[in-house]
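Structure record follows, encoded as structure tokens.
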Amino acid sequence: MAFPLLFLLFLSIPFSESKLSVDYYTKTCPDFNSIMRETVTTKQINSPTTAAGTLRLFFHDCMVDGCDASVLISTNSFNKAERDADINLSLPGDAFDLVVRAKTALELSCPGIVSCADILAQATRDLITMVGGPFYKVRLGRKDGFESKALRVNGQVPQTNMSVNQLIKVFAAKGFSAQEMVALTGAHTIGFSHCKEFSHRIFNYSKTSPSDPEMYPKYAEALRKTCSNYLKDPGMSAFNDIMTPSKFDNMYYQNLQRGLALLATDHALSKHPRTKPFVDLYASNQTKFFEDFSHAMEKLSVFGIKTGRKGEVRHKCDAFNTLKA
């Protein structure tokens, strides 16, 4: 009876996912792992915000029609690409630069073999591990998508003005549970947000309070000083995790419990009945957070992937191999 059981298990795996494997490039590009590690390490040492930026870039790519490197495509005269959608305009240049560097090195070693989608997925995992986060397996063999349209982005990526119920719906549409959403949001343990994303919480909040009363007062005061000139300088920002901003840990969840949430959506997670239990769980148990984050990232990394003729291996990550609208 073993054979029918194995056959049923195989049928339960989406066909495109079954083509992926952690050793996909062992024969075709044997130096893949070493080239990726060297490129990632050099970039992160020289630009310490690269890890957070790359994780965010990967997330924004996968949430819009799958992990297919569509967010890397540049806009041209007849197509406004994903990266120029309003919510993507603040994606960090260091993350794009890392992918370009890795692609250049890999093209010299094994031309036309490694997809930009795989580069982004592997780089994200390597960087998370490098800054103290968990190691998880990255299955490889994705192809790069044939389409990148700014109009496809709206509503597919979480926004800071959404309610918890709206956030849950966005993730549910991709097959993620509320708990998986909270685990993935733990990515905010590294990185930063621009002042405009949380300015309403610290300036003129109400007639009786300049800031959100649920925000720790001294924290709000410090943020007002940091963001005092944000209207003239839109690049002004603050760390999502004020305590350990460059370390991947569970401090983010502990901050939420203390009124040290930067974004309104993050604060809401610590209050909403569907998400608060998971915030409390991860705040008290980093091992559980790492375990659940790893599982959620593995699941995210194969969402909507393209394989076979449904995609290509781009020569350059910011342009399709053939002209497409």
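Each residue, glycine too, has its Cβ placed from N, Cα and C.
The signal peptide annotation in TrEMBL covers 1-18.
Taken from TrEMBL, the feature domain 'Plant heme peroxidase family profile' applies to 19-321.
Annotation source TrEMBL lists disulfide bond at Cys29-Cys110 (among others).
Here TrEMBL flags Arg56 as site 'Transition state stabilizer'. For Arg56 (site 'Transition state stabilizer'), the same-chain residues that are 6 or more apart in sequence and have a Cβ closer than 8 Å to its Cβ are Leu91, Pro92, Ala95, Ala187, Gly191.
TrEMBL lists His60 with the feature active site, proton acceptor. Around the Cβ of His60 (active site, proton acceptor), the number of neighbouring Cβ atoms within 10 Å comes to 22.
Annotation comment: TrEMBL describes Asp61, Val64, Gly66, Asp68, Ser70, Glu82 as Ca(2+) 1 binding site. Sequence-distant contacts of Asp68 (Ca(2+) 1 binding site), defined by Cβ-Cβ distance under 8 angstroms and a gap of at least six in the same chain, are Asp61, Ala117, Arg142, Lys143, Asp144, Gly145, Gly304, Ile305, Lys306, Gly311.
Around Cys67 (disulfide bond), the same-chain residues at least 6 positions away in sequence with a Cβ under 8 Å from its Cβ are Phe58, Asp61, Ala117, Leu120, Ala121, Arg142, Leu300, Ser301, Val302, Phe303, Gly304, Ile305. For Cys62-Cys67 (among others), the entry in TrEMBL reads disulfide bond.
Annotated disulfide bond per TrEMBL: Cys116-Cys317 (among others), in sequence order. Within the same chain, residues at least 6 positions away in sequence whose Cβ sits under 8 Å from that of Cys116 (disulfide bond) are Ala69, Leu72, Val99, Lys103, Asp144, Val313, Arg314, Cys317.
The substrate binding site annotation in TrEMBL covers Pro158. Within 10 Å of the Cβ of Pro158 (substrate binding site) there are 19 other Cβ atoms, across all protein chains.
Positions annotated as heme b binding site by TrEMBL: His188. Sequence-distant neighbours of His188 (heme b binding site) (same chain, six or more apart, CB under 8 Å from its CB) are Asn240, Asp241, Tyr252, Leu262, Leu263, Asp266, listed in sequence order.
Here TrEMBL flags Thr189, Asp241, Thr244, Asp249 as Ca(2+) 2 binding site.
Sequence-distant contacts of Cys227 (disulfide bond), defined by Cβ-Cβ distance under 8 angstroms and a gap of at least six in the same chain, are Cys195, Ser199, Ile202, Phe203, Met236, Ala238. Residues annotated as disulfide bond in TrEMBL: Cys195-Cys227 (among others).
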Around the recorded Ca(2+) 2 site, report the further residues of that chain (criterion: Cβ within 8 Å of the mean position of the Cβ atoms of Thr189, Asp241, Thr244, Asp249; site residues excluded), sequence-ordered.
Ile190, Met243, Pro245, Lys247, Phe248, Asn250, Met251, Tyr252
If you skip the near sequence neighbours and keep only those at least six away, which residues in the chain come within under 8 angstroms of Cys62 (disulfide bond), Cβ to Cβ?
Leu300, Ser301, Phe303, Gly304
Looking only at C-alpha atoms, tell me how far Thr189 (Ca(2+) 2 binding site) is from Pro158 (substrate binding site), rounded to the nearest Å.
17
When the number of other CB atoms within 10 A of each residue's CB is tallied over all shown chains, which of the recorded positions Val64, Cys317 has the maximum?
Val64
